[in-house]
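Asks: Just dropping this structure here.
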Amino acid sequence: MENFWQACSAKLEQELTPQQFSAWIKPLVPLDFEDGCLRIAAPNRFKLDWVKTQFASRITALAAEHWEQPIDVQFVLDPRTNAVRKPVSAPMPSPSLAMAGGTDYADMPDPIERVDIVLEETKKRDQSKINPALTFDSFVTGKANQLARAAAIQVANNPGISYNPLFLYGGVGLGKTHLIHAIGNQLLQDNPNVRIRYIHAEQYVRDVVTAYQRKGFDDFKRYYHSLDMLLIDDIQFFAGKSRTQEEFFYAFEALIAAKKQIIITSDTYPKEITGMDDRLISRFDSGLTVAVEPPELEMRVAILLKKAASEGVVLNDDVAFFVAKHLRSNVRELEGALRKILAYSRFHDKDITIDVVKEALKDLLSVQNRQISVENIQKTVADFFNIKVADMYSKKRPANIARPRQIAMYLAKELTQKSLPEIGELFGGRDHTTVLHAVRKIAADRSKNPEVNHELHVLEQTLKG
Ligand SMILES: Nc1ncnc2c1ncn2[C@@H]1O[C@H](COP(=O)(O)OP(=O)(O)OP(=O)(O)O)[C@@H](O)[C@H]1O
């Protein structure tokens with residue numbers, strides 16, 4: 001038995017990382033071997049459960065190899081630990097771990113060991129660069145992101161199996177980074193030992209440059225190729241960086257072949273990324289590609305209410321609607337506005353009313369309104385759809401003109417203070433019912449069709465500058 005355990009330990013030491021080996025294998029003690037049954041003791045219930053789920057099959061296989069027959073390997077709680085087991089009142093893990101779920105420490109008998117494990121998990125979490133605050137729980141769902149969220153949950157539950165790579169794309173501040181951190185958090189919660197890494201593409205480029213300067217590509221490769229999950233954010237930053245793309249290609253191939261999960265975000269869908277190697281583009285599209293759309297009004301309201309509640313503030317619905325109606329571009333902008341409102345109301349010791357919001361967001365709202373005139377909208381929409389500005393006021397009605405004109409009317413109603421008759425006047429003296437019809441039609445299309453929503457979002461962003 002001793003011989004087997006020595007050989008088995010040596011083998012596992014080669015196969016595992018030093019941290020894994022010393023955390024999980026070193027503390028195991030072989031107890032006895034009788035009638036083809038080997039009993040191995042773990043020092044506490046936490047390690048026992050972990051070893052059973054993670055390493056039992058490998059150790060059983062090594063035992064069968066050693067004795068050249070099937071061996072019944074049983075993992076038990078170390079009897080000596082049980083004898084000295086006392087009630088525990090050790091400190092709980094750090095709030096960040098608790099927030100993200102983390103391990104259930106209640107069963108751990110030894111306070112020192114408990115602290116060790118917490119420290120080890122904290123170190124792993126730090127290395128992973130996963131932000132514990134960005135979880136599925138704190139992610140508000142709506143039409144705009146429900147598909148992306150469903151895909152993210154699927155991947156978090158079946159990493160490396162369901163969709164690989166998962167490619168999330170969408171405009172700035174729409175929650176892509178949040179979602180991929182949420183996947184990472186769930187994985188770390190399910191298995192604190194998982195080797196996972198979040199990296200922004202710009203950092204990856206810098207790492208490639210450093211590896212190049214220090215001739216350290218072997219270490220670089222070893223590290224990235226050994227991960228269980230790689231989360232890479234804003235991959236459009238790889239554009240034109242051929243050496244980075246080459247390295248990433250190797251990492252991609254190695255990870256996918258080993259059924260390790262890759263998750264990528266970008267500001268646009270794979271084929272639209274410029275300056276990217278074709279073989280990478282085709283690989284980005286080989287798993288599942290999902291868009292994260294700009295949030296619709298109800299979702300913007302829900303986000304404001306949730307973010308305010310997490311700050312301990314109950315926001316009135318009318319206030320949330322006012323803010324959501326005026327700030328349409330993205331969630332980051334909403335968060336910034338909320339921070340301003342909360343700071344303003346605290347500083348002036350005032351309740352949060354619409355008037356207070358108008359005051360607090362004075363600059364932001366005036367920027368929103370200042371640049372946008374109906375003429376500006378007509379020109380931008382005409383450019384976008386490649387028609388003449390004159391077609392905005394003309395009586396012509398072919399679809400390629402009528403639709404952009406309706407979109408321009410909708411945007412004029414949404415983004416300016418003009419009334420329906422005023423807008424009608426500016427569109428070649430049309431009746432206000434024509435404008436109303438256009439506004440309703442485009443609003444309905446927007447709520448049903450993510451592509452229309454995306455198109456309008458692009459136009460709004462362009463108009464807001
Ligand atoms: N659905 C959501 N629910 C709650 N918070 C959200 C949601 N979407 C975005 N956020 C928050 O908005 C901020 C911006 O989101 P995030 O950084 O994930 O955007 P992004 O799509 O990655 O943008 P970029 O392309 O600029 O990196 C973050 O603080 C994030 O937590």
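Each residue, glycine too, has its Cβ placed from N, Cα and C.
TrEMBL lists these features:
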- 1-84: region 'Domain I, interacts with DnaA modulators' (REGION)
- 129-345: region 'Domain III, AAA+ region' (REGION)
- 162-294: domain 'AAA+ ATPase' (DOMAIN)
- Gly173, Gly175, Lys176, Thr177: ATP binding site (BINDING)
- 346-465: region 'Domain IV, binds dsDNA' (REGION)
- 373-442: domain 'Chromosomal replication initiator DnaA C-terminal' (DOMAIN)
Asks: Suppose the ATP site is Gly173, Gly175, Lys176, Thr177. Which further residues of the same chain have a Cβ inside 8 angstroms of that site's Cβ centroid?
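Replies: Surrounding the site, in chain order, are Gly170, Val172, Leu174, His178, Leu179, Thr265, Val292, Val331, Arg332.
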Asks: What mean pLDDT score does the region 'Domain I, interacts with DnaA modulators' (1-84) have in the model?
Replies: 84
Asks: For the binding-site residues listed here, Gly173, Gly175, which shows the highest count of neighbouring CB atoms within 10 A?
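Replies: Highest number of other Cβ atoms within 10 Å: Gly175.
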Asks: Could you say whether, by DSSP, Lys176 (ATP binding site) belongs to a helix, a strand or a coil region?
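Replies: Note: Lys176 (ATP binding site) is helical by DSSP.
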Asks: What are the non-local neighbours of Lys176 (ATP binding site), defined as same-chain residues 6+ apart in sequence with CB under 8 A from its CB?
Replies: Ala148, Leu168, Tyr169, Gly170, Asp233, Thr265, Val292
Asks: Suppose we draw a 10 Å sphere around the Cβ of Thr177 (ATP binding site). How many other Cβ atoms does it contain, all chains included?
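Replies: Result for Thr177 (ATP binding site): 19 other Cβ atoms within 10 Å.
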